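Reading through the structure tokens given below for one structure.
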Amino acid sequence: MVKLKFMLLKEYNPYLEYKNGELFLEGVSLKELAKEYGTPLYVYSASYIRDRIRAYKEAFPNALICYAVKANFNPHIVALTKEEGAGADVVSGGELYCALKAGVEPSKIVYAGVGKTLQEITFAVEKDILMFNVESHMELDVLNEVGERLGKKVRVAIRVNPDVDPRTHPYISTGMKKSKFGIDIKQAKEEYRYARSLKNLEVVGIHCHIGSQILDVSPYIEAVEKVVGLYEELIKDGFDIKYIDLGGGLGIKYQPDQANPEPEDLAKAIMPSLRGVQAKLILEPGRSIVGNAGILLTQVQFLKDKGHKHFVIVDAGMNDLIRPAIYSAYHHIVPVVERDVKYIKTDVVGPICETGDFLALDREIPYVERGDYLAVLSAGAYGFAMSSHYNARPKACELLVEKGKVKVIRRRETYEDIFNACFS
Ligand SMILES: Cc1ncc(COP(=O)(O)O)c(C=O)c1O
Ligand SMILES: N[C@@H](CCCC[NH3+])C(=O)O
């Protein structure tokens, strides 16, 4: 029984293990961390993040790996990916600021997003980033104007929408016809010609991102084939396409019976279609770098038995981890200190005044008591990044652990932190 559980945790993160019934990450006791730093508490494993970047680099030795900052924008995490040689994929001025603070070279930064503001565009042009992934005709005009004003040639790729179903949650499918993202691949050639006619733009690439949490690699093959088709047409038309950026999206293990696909699986699927392509490949993985690096620790506040229904009420709410509320996402929950093998069927809910505030519904979890700590797995991506102050709750503390060492990468917020901006 214990051995089985041990194997299962390793499949999420090889640095996560029970020792004498107590959970450790990279050799650090999670119970001790929860006691010292309080809960809710995010803890990330640095070695795991390093391993994942290295796995991408091994699977795609000639590619530029641009970590998708949106998945987790803690600058210390971004700096870690930079240390391993990654660039950054950003979607806002804030993320660009974060990547630069973390030391990422502008020549390794790509910028996507359907609604870049003039201020954000100006900031990125001034910083001379590698490439804008342009999502509309109007954006081309604005980029050209900013380039002219600043006396620069702005490097652009057009984000094409290949109309491929990535077979994931509809809210995170981004490459289908009805989606707001990118330009229909069938209209792309026309937009490329238009971009070439603008004197302050330099057309350098093709961008495509079909969605997130993709576990089956076949939609990638479909998308890549369409992108390569466009690449060949553009080359024939005299374009110098230096980069093909295929976005991110590789999924991770959330449920015990799910796979944790490797970058190598993606490489095996798509590299054959890219054989004749001269352009440099760019990838923008987010979740598959940091998702299973992180866990969210929470403490049981109350138990409530309504007869027909049991509730475990914890101190982490939807303001800390919103994925279950908005995507009905599953996050595996395990005890920080094992008790016995008795299981209960329960909802695990937070303190927020919303019925949608849950971490798990009708879930069998090991028996717990008031004061126990629970670890919510796979919380490193889109966990803290999507957190809020809802119900005037200070944001959680974030820790980075590596080989037995602990670093506070974001202190717990205070009430003053929440309200300071109201009184300045
Ligand atoms: C343009 C772009 N690139 C990269 C990513 C990162 O995706 P993921 O975290 O699924 O790897 C996203 C988010 O889906 C995105 O919108
Ligand atoms: N926020 C989503 C992923 C969005 C991907 C961004 N394009 C999630 O938590 O799964």
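All positions are counted from 1 along the displayed chain.
Any Cβ shown, glycine's included, is placed from N, Cα and C.
The domain 'Orn/DAP/Arg decarboxylase 2 C-terminal' annotation in TrEMBL covers 42-380.
Per TrEMBL, domain 'Orn/DAP/Arg decarboxylase 2 N-terminal' is recorded for 49-290.
If you look up TrEMBL, you'll see GLY249, GLU284, PRO285, GLY286, ARG287, TYR382 marked as pyridoxal 5'-phosphate binding site. ARG287 (pyridoxal 5'-phosphate binding site) has a Cβ environment of 25 other Cβ atoms inside 10 Å. Under the DSSP three-state reduction, ARG287 (pyridoxal 5'-phosphate binding site) is assigned to helix.
Counting every protein chain shown, 25 other Cβ atoms lie within 10 Å of the Cβ of TYR382 (pyridoxal 5'-phosphate binding site). Annotated substrate binding site per TrEMBL: ARG287, ARG323, TYR327, GLU354, TYR382, in sequence order.
Residues or ranges marked as active site, proton donor by TrEMBL: CYS353. The Cβ of CYS353 (active site, proton donor) lies under 8 Å from the Cβ of ASN391, each on the same chain and at least six residues away in sequence.
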Check the binding-site residues ARG323, GLU354, TYR382 for any whose Cβ is under 6 angstroms from an atom of ligand 2, and report them in sequence order.
ARG323, TYR382
Cβ under 6 Å from an atom of ligand 1: which of these recorded positions qualify? The list is GLY249, ARG323, CYS353, GLU354, TYR382.
GLY249
Centre the Cβ atoms of GLY249, GLU284, PRO285, GLY286, ARG287, TYR382, go out 8 Å, and tell me which other residues of that chain have a Cβ in range of the pyridoxal 5'-phosphate site.
ALA68, LYS70, ALA71, SER212, GLY248, LEU250, SER288, ILE289, GLY291, ALA381
Pairwise CA distance, ARG323 (substrate binding site) versus GLU284 (pyridoxal 5'-phosphate binding site), rounded so that it is a whole Å:
21
Would you pick out, from the binding-site residues GLU284, GLU354, the residue whose Cβ has the largest number of other Cβ atoms within 10 Å?
GLU284
